[in-house]
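Positions annotated as domain 'Acyl-CoA dehydrogenase/oxidase N-terminal' by TrEMBL: 5-76. Annotation source TrEMBL lists domain 'Acyl-CoA oxidase/dehydrogenase middle' at 80-176. Summarising the annotation, TrEMBL assigns domain 'Acyl-CoA dehydrogenase/oxidase C-terminal' to 190-307.
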Amino acid sequence: SITAGGWLGIAMPKAHGGSGLGVTEAALMMRRITQSGGGFTAASSVHINIFGPHPIVKFGSAEQQARMLPPLIRGDDRTCFGVTEPNAGLDTGAIETRAEWDGSHYVVHGQKHWTSAAQRANKIMLLARTAPRDASEKGTDGLSLFYTDLDRAHVEIHEIAKMGRKAVDSNALFIDGLKIPREDMIGEEGQGFHCILQGLNPERILIGAEAIGLGRAALAKATQYARERHVFGRPIGQNQSIQHPLAEAWAELEAANLMLFKAARLYDAGEPCGAEANAGKYLAADAAHKACERAVLTLGGMGYARE
Ligand SMILES: Cc1cc2nc3c(=O)[nH]c(=O)nc-3n(C[C@H](O)[C@H](O)[C@H](O)COP(=O)(O)OP(=O)(O)OC[C@H]3O[C@@H](n4cnc5c(N)ncnc54)[C@H](O)[C@@H]3O)c2cc1C
C-alpha cells in the first residue's frame, strides 16, 4: 500500500515521479507509521527506501536520477545498503571490499555484513575501496559509492538469524567478481564516504521520528488502560504514582521530537544538522525506551501478555 500510494517517493524529485518534499515530511510519515501501532517492524520495511537512495538524489547525474529513481519509487526496484563489513562497523574507513577498474568495469571482491533486505533486493547501494587506505591522510578517502544490480551470479547472500526485527531480513554478503559499469558510480571516485554521509543524517532523523511514534503509541495504550483498569475500587490512573511516570515520559518524548524536527528543518534548508540529528536520535531513542517500559509497568501483568 505504501508503494501503491507513491509514498516511497516522498523525498524524491517531482521530475522523476516523487513528491519533492523534504526529510521533515518523510519524518512525519515515518512517525505516523510507528504511531499507528506498526512499530519498528512496519517502519523498518519502509525506511531504507526513503534514506538509502538519498545519495542519488544529492549526487546522481541527471541521467542517473532519470534511470534509477522512477523504478525505486514504483517499487519495481528494491535496494539494500552495503556498508558494514565483518571487520569494519563504526570505523567505515576500515572497509576492505575493493572495486578495481579492469579497463571496462569496476570488479568487486569482498564481504558485507548486516545488509538489510538483501534477500529480496535486486539493487545495492555499495561502498567499496577504489584506492588503498594508506594512499591518503584520511582513512575515509579512497572509498567510492555505487548503485548497481545485485547480481546473484557474483554475490552469495546468507541470512543472519536475529532475536527480533524479523520482518526485515539481515544478511552476510560474499562478493566475488561483481562487475559494475562506470555509469553506476554515484558522485566522484574516492568521495563515496562523503556521499553516504548525506544519507546518514536523514536516517538518524527518520529513526528518531520512528522512536517518537513508538513511544506515543505506548503512552496512548498505557493512559487508556490506566483510565479503564479498576484496582481497589477506582481507576489506577487516579494514583499519581501511575500518572507522574507517564507524564515524565511524555515530556521527554515531546522534547526529543522538537530536537528532531529542528534537525529536519536544518537539513531541508541545506544547513549543517549533524549535531542536531545525532542529539535528536539519541534523545528520542532514550525517551521511547522509557515510554515503552513505563507503559509495560502500567499494564501490570498484562504488560507481559502478547495481546
Ligand atoms: C538489525 C540491523 C540492521 C542493519 N542494517 C544494515 C544495513 O542495511 N547496511 C549496513 O551497511 N549495515 C547495517 N547494519 C550494521 C550497523 O550499521 C552496524 O552494526 C553498526 O555500524 C556498528 O558496527 P558493528 O556492529 O561492527 O560494531 P563495532 O564497530 O564492532 O562496535 C562494537 C561496540 O563497540 C563500540 N565502539 C566502537 N568503537 C568505539 C569507540 N571508539 N569508543 C567507544 N565505543 C566504541 C560500539 O558503539 C559498539 O557498542 C545493521 C545492523 C543491525 C543490527
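Including glycine, each Cβ sits where the backbone N, Cα and C put it.
Helix, strand and coil residue tallies for the domain 'Acyl-CoA dehydrogenase/oxidase N-terminal' (5-76), in that order: 54 helix, 0 strand, 18 coil [DSSP].
Model confidence over the domain 'Acyl-CoA dehydrogenase/oxidase C-terminal' (190-307) stands at 96, taken as the mean pLDDT rounded to a whole number.
Residue counts for the domain 'Acyl-CoA dehydrogenase/oxidase C-terminal' (190-307) under DSSP, split into helix (H, G, I), strand (E, B) and coil, are 99 helix, 5 strand, 14 coil. Using DSSP to sort the residues of the domain 'Acyl-CoA oxidase/dehydrogenase middle' (80-176) gives these counts of helix, strand and coil: 6 helix, 46 strand, 45 coil.
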